[in-house]
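A.B. asks: One structure coming up, written as C-alpha cells, with questions to follow.
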Amino acid sequence: MTQVFINGARDGLNVREFDSLDPAIQELIHAATEARKQAYCPYSNFAVGAALRTSDGTIYSGCNIENGAYATCICAERTAAVKAISEGKRDFVACAVVAQQDNGFTTPCGVCRQFLSEFVNGKDIPLYAAKPSNLPLRVLCTSVLQLLPNSFSFSNGK
C-alpha cells in the first residue's frame, strides 16, 4: 500500500483502497455517494452524503440540508439516522460518509458523533469516510467510538 500524506501525516494502516473492501462496505459507500448528490448546500457548497446499515441489512442514506438559519441545518449522518429511527430501526451496524475535502477525509462532526453513539447500543460500529472521486479511491476505516471515545450516555440498564 502506498503511503500518502494527509494533513501532514501518513495515511497509516486505517486507510485502504476501495477495491480491497468487502462488497457490503463498497455498497454502503456507494449509497453515501449517491445520497451526496441530493445535498442542499447553497451556503457552504460542501455536499455530504451518509449511509447507515441496520442490523437487518437495510441501508438508510441521507444528505446534508442547509438553511439560512444555520442552527436548523442538519448533517447527512443525522438525516440518515433520523430516517432509520423514524422507520423503527435503531440498531446500526455500519456507517459511511462521503464528502470532498482536499486535505483529508470528512468524518462526522461532534454533534453527529454523539448522535450516532446513542444508537450503537454499547458496542462500536465501523465508520468509513471516502471522497466521491480521486481514483484509486481511498477509504478511511475507523469507528464511531474511535472518533468519540468516552461519549456521553445515560446508564439506564438497557
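From the backbone N, Cα and C atoms, a Cβ is placed for every residue, glycine too.
What you are looking at is a predicted structure, and each value in this text was computed from that prediction instead of being measured.
Under the heading active site, proton donor, TrEMBL lists E77. Taken from TrEMBL, the feature substrate binding site applies to N64, I65, E66, N67, G68, A69, Y70. Residues annotated as Zn(2+) binding site in TrEMBL: C75, C109, C112. The domain 'CMP/dCMP-type deaminase' feature in TrEMBL is assigned to 23-140.
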A.B. asks: Write down the Cα-Cα distance for C75 (Zn(2+) binding site) and I65 (substrate binding site), rounded and given in Å.
C.D. replies: 7
A.B. asks: Using a 10 Å radius around its CB, how many other CB atoms surround A69 (substrate binding site)?
C.D. replies: 7
A.B. asks: Just to verify: the residue among N64, N67 with the fewest other Cβ atoms within 10 Å, which of the binding-site residues is it?
C.D. replies: N67
A.B. asks: Hey, of the binding-site residues listed (I65, C75, C109, C112), which one tops the CB count within 10 A?
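C.D. replies: Selected residue: C112.
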A.B. asks: Taking E66, E77 as the recorded positions to compare, which has the smallest set of other Cβ atoms within 10 Å?
C.D. replies: E66
A.B. asks: Looking at the recorded positions listed here (N67, A69, E77), whose Cα lies nearest to that of C112 (Zn(2+) binding site)?
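C.D. replies: Minimum Cα distance from C112 (Zn(2+) binding site) across N67, A69, E77 lands on E77.
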A.B. asks: Using Cβ-Cβ distances, find the residues under 8 Å from G68 (substrate binding site) that belong to the same chain and are at least 6 apart in sequence, listing them in sequence order.
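C.D. replies: The answer is Y43.
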A.B. asks: Could you check which of the recorded positions (C75, E77, C109) sits closest to N64 (substrate binding site), going Cα to Cα?
C.D. replies: C75
